[in-house]
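As given in Swiss-Prot:
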type     : residues                                                                                       : note
ACT_SITE : Asp15                                                                                          : active site, proton acceptor
ACT_SITE : His43                                                                                          : active site, proton donor
BINDING  : 14-20, 42-44, Arg306, 332-334, 414-416                                                         : GTP binding site
BINDING  : Asp15, Gly42                                                                                   : Mg(2+) binding site
BINDING  : Asp15, Glu16, Gly17, Lys18, Asn40, Ala41, Gly42, His43, Thr130, Arg144, Gln225, Thr240, Arg304 : IMP binding site
BINDING  : Thr300, Thr301, Thr302, Gly303, Arg304, Arg305, Arg306                                         : substrate binding site
Amino acid sequence: MSLANVVVIGAQWGDEGKGKITDLLSRSADVVVRYQGGVNAGHTIVVDGRVLKLHLIPSGILYPDTICLIGPGTVVDPKVMLGELDMLLANDIDISGLRLASSAHVTMPYHRLLDLAMEKQRGDRRIGTTGRGIGPTYADKSQRSGIRVIDLLDEQRLRNRLEGPLTEKNELLEKIYGIEPLDGEAVIQEYLGYGQRLSKHVVDCTRAIHSAAKARKNILFEGAQGTLLDLDHGTYPYVTSSNPVSGGACIGAGVGPTLIDRVIGVAKAYTTRVGEGPFPTELSGSLNDQLTERGGEFGTTTGRRRRCGWFDGVIGRYAVQVNGLDCLAITKLDVLDEMDEIQVCVAYELDGERIEYFPSSSDDFARCKPIFETMKGWQCSTEECRKLEDLPKAAMDYLRFLADLMEVPIAIVSLGASRDQTIVVEDPIHGPKRALLSA
């Protein structure tokens, strides 16, 4: 499978299975770039029976000839990152291809403490943060008081940069939240140590990407979370603090939009959400339990049980529009194997009126009632299917319905966690932009 410059995004609320799809596409990539988010995201990859859980490091690290860049739009927790590197080394995985943007911002210990304290203070108004300090890190970045990776490489610079923010954060911790202040010298020494270990990976990300582009290398941009968690385009305020949408790749990696050739969206065959916020197709009772257990719907980062519901075609169409999707990868089709009936949300009812768009107000979204189309289930295993024609007719009908509903081709179908449990319907990079699986 040849590759151009491609963005892979989540078309729902995250946890769509982007890690597996990125892993599949990374085989042909020269460079993989993570462009936003931090350790609040997580992806699981199964390789030769080994389960590898990564939060910050791109899936492409599993390919020794691939350069993996953590871009300036990310926020880096160096302690977690080094833990991931140690895990990869313990699994005999070469990490020499890892590159870390010198301008990426760093999650400091006070960010994590403030994240948890602020969420606790919100009470019933909590937003469902992972508690990893992501929001406070991005807030400091916007307020121009953040610490960057490059600051960890020079002791005097780190001391100068940290003096004001640490004093301010300690006052907040102690006087507002009643938390013991941090020892500034201990923080400095700890983070200088992280900088020393990471220094060999630190680069000017923009120069590295444009050098690769000039050399006509294939570049894969990997987003974290999903479209409905985007700070500007998601279910605000129940969102993340960055831009997972495809446009975020330009800002978070430092490239112009003309460098991007294709955008691939990843969506589950049903829908999940972690944390708070409206979720029109959410299920309860035995159906919810069935999806949770069969789909292993527990967060990679937090371990929290994910909320499960039927496929929502309204937010799917919205994701197609916001990201300019060229094609879709549908994951976890096998999780629906035992269902006798499957429902798909095709529209909402809002205050007695049928609407077919995603409302920008979360209050309006919370009042939306799903309007479903009911489809026949296939009630047999799809896990061993390797070609489209191997799928039962009802499964084919379901995929065709999703493609028509979202008005975008389905190029990849995933039927399990392993690499080989995948049907590549057509080349997701160079395939025609047509209605796939049409009659």
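Just so it is clear, glycine is given a Cβ too, placed from its N, Cα and C backbone atoms.
Here Lys20 (GTP binding site) is compared against the recorded positions Asn40, His43, Arg306, and the shortest C-alpha distance is to His43.
If you measure from the Cα atom of Gly14 (GTP binding site) to that of Gln225 (IMP binding site), you get 4 Å. Following the DSSP three-state reduction, the secondary structure of Gly14 (GTP binding site) is coil.
Of all the recorded positions in the list Asp15, Gly17, His43, Thr44, Leu333, the shortest Cα-Cα distance to Arg304 (IMP binding site) is found for Asp15.
When secondary structure is read from DSSP and collapsed to three states, Leu333 (GTP binding site) falls in the helix class. Within the set of binding-site residues (Gly14, Gly17, Gly42, Gly303), the lowest number of other Cβ atoms found within 10 Å of a Cβ is recorded at Gly303. According to DSSP, Lys20 (GTP binding site) is assigned to a helical segment.
Checked against Gly17 (GTP binding site), the recorded positions Gly42, His43, Gly303, Arg305, Arg306 differ in C-alpha distance, with His43 being the nearest.
If you measure from the Cα atom of Arg305 (substrate binding site) to that of Asp15 (active site, proton acceptor), you get 12 Å.
Look at the binding-site residues Thr130, Gln225 and count other Cβ atoms within 10 Å of each Cβ; Thr130 has the fewest.
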